[in-house]
Amino acid sequence: MGYKVVVAGATGNVGREMLSILAERQFPADEVVALASRRSLGTEVSFGDKTLKTKDIDGFDFTGYDMALFAIGSDATKKYAPIAASQGCVVIDNSSLYRYDPQIPLIVPEVNADAIEGYRNKMIIANPNCSTAQMVVALKPLHDRARIRRVVVSTYQSVSGAGKEGMDELWSQTKGMYVPGQEVEPKKFQRQIAFNVIPQIDVFMEDGQTKEEWKMVAETKKILDPSVKVTATCVRVPVFVGHSESINIEFEDFLDEDEARDILREAPGVLVIDKREPGGYVTPIESAGEDATYVSRIRQDQTVENGLNLWCVSDNLRKGAALNAVQIAELLGNRILKKA
Ligand SMILES: NC(=O)c1ccc[n+]([C@@H]2O[C@H](COP(=O)([O-])OP(=O)(O)OC[C@H]3O[C@@H](n4cnc5c(N)ncnc54)[C@H](OP(=O)(O)O)[C@@H]3O)[C@@H](O)[C@H]2O)c1
């Protein structure tokens, strides 16, 4: 017997990707239901070679469903996740609503799979922010070997991280540059995104960090290790899919760049592409549609005692959201529910 699965937000960037990954990985599902808002009632979405008609989440009865993968934003999650959980359906949520609740596990399966047991507290499991997910996959094996003290990360985040409206805005602004009279007014983003970069993702906090930067700090501590210090600068760039990160790491013990490269080559979820020649690294375009967290440009930082620099790229809609959520669903199935 397989699982009965709900995908909420099935018409969105992450929801569509979750459906395609469930099909690709042949998730053992007897039934998959696609939900979104009333606006999308009847909209057809693909699930492998099948087509599903989207239902309205409002009033949906989750009873009898094993798990619900949510990608509907924090406001709608606040309303519907407790309903699903109270009806006995485990929620795997992509929004930031529950990530910092100590009662709710925040999981990247390659890093802290054992935390899954905590799902029992509230029947909810949180999926991390896209930029955190790929970073901790790359940091974990290095931390196990040489203990990370401090991380300085700068991100180059694609517009799909801001949902379908973000992708539409980059597309329409780019076209607008070539069509005289067409508007290039920012709507979703704070400034023009076409042919530009914007050093703000999410709102500003009192101390001058943005919320996205704060999330990378708080989530890395929760998933990897509370003792690791992180400081981040998060930047939106005119790329459709794929987040990139420049990561500087200080360790307690010395870690040679060749050993780091060997460790990362063996690490789950990581693919090292690191040739010291023109083009011998990964850019976001190559990461789109792929599952791996790519690591390139691994090199010693000579300015500190035990330092390394690296470049990390991943498809934000996959490892940064949908793939990680499906991996959590697989973990929940294999370790806990054990139906299929
Ligand atoms: N994109 C990423 O890289 C990424 C990474 C990590 C986490 N996330 C999180 O994943 C969630 C979805 O992001 P996205 O990029 O997929 O956004 P999106 O492309 O804008 O899609 C939003 C989805 O949510 C649904 N929705 C919105 N309001 C709703 C409501 N009141 N009731 C029911 N459904 C509602 C939409 O349905 P309609 O089509 O009917 O409006 C749509 O299916 C967000 O919480 C986001 O923070 C995104």
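Quick reminder: no glycine exception, Cβ is built from N, Cα and C everywhere.
Any TrEMBL annotation is an automated prediction that lacks curation.
According to TrEMBL, the active site, acyl-thioester intermediate annotation covers C130. In this structure, C130 (active site, acyl-thioester intermediate) is part of a helix by DSSP.
The active site, proton acceptor annotation in TrEMBL covers H243. For H243 (active site, proton acceptor), other Cβ atoms within 10 Å of its Cβ number 29. DSSP gives H243 (active site, proton acceptor) a strand state.
Sequence-distant neighbours of R39 (NADP(+) binding site): no residue of the same chain at least 6 apart has a C-beta under 8 Å from its C-beta. Per TrEMBL, NADP(+) binding site is recorded for T11, G12, N13, V14, R39, S40, S160, G161, N316.
If you draw a 10 Å sphere around the CB of R99 (phosphate binding site), it holds 21 other CB atoms from the protein chains shown. Here TrEMBL flags R99 as phosphate binding site.
Here TrEMBL flags Q157, R236 as substrate binding site. Close to Q157 (substrate binding site) in the fold, though at least 6 residues off in sequence, lie C130, S131, I201, E212, C234, V235, R236, V237, H243, S244, N316, each with a CB less than 8 Å from its CB. Q157 (substrate binding site) falls within a strand segment according to DSSP.
Across the domain 'Semialdehyde dehydrogenase NAD-binding' (4-119), the DSSP tally of helix, strand and coil residues reads 40 helix, 32 strand, 44 coil. Marked as domain 'Semialdehyde dehydrogenase NAD-binding' by TrEMBL: 4-119.
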Using other CB atoms within 10 angstroms as the count, which residue among the binding-site residues N13, N316 scores least?
N13
Round to the nearest Å and give the CA-to-CA distance linking R99 (phosphate binding site) with T11 (NADP(+) binding site).
23
Give the sequence-ordered list of residues that share a chain with T11 (NADP(+) binding site), lie 6 or more positions from it, and have CB atoms under 8 Å from its CB.
A34, A36, S40, T43, V45, T54
Counting every protein chain present, what is the number of Cβ atoms, excluding its own, within 10 Å of the Cβ of S160 (NADP(+) binding site)?
25
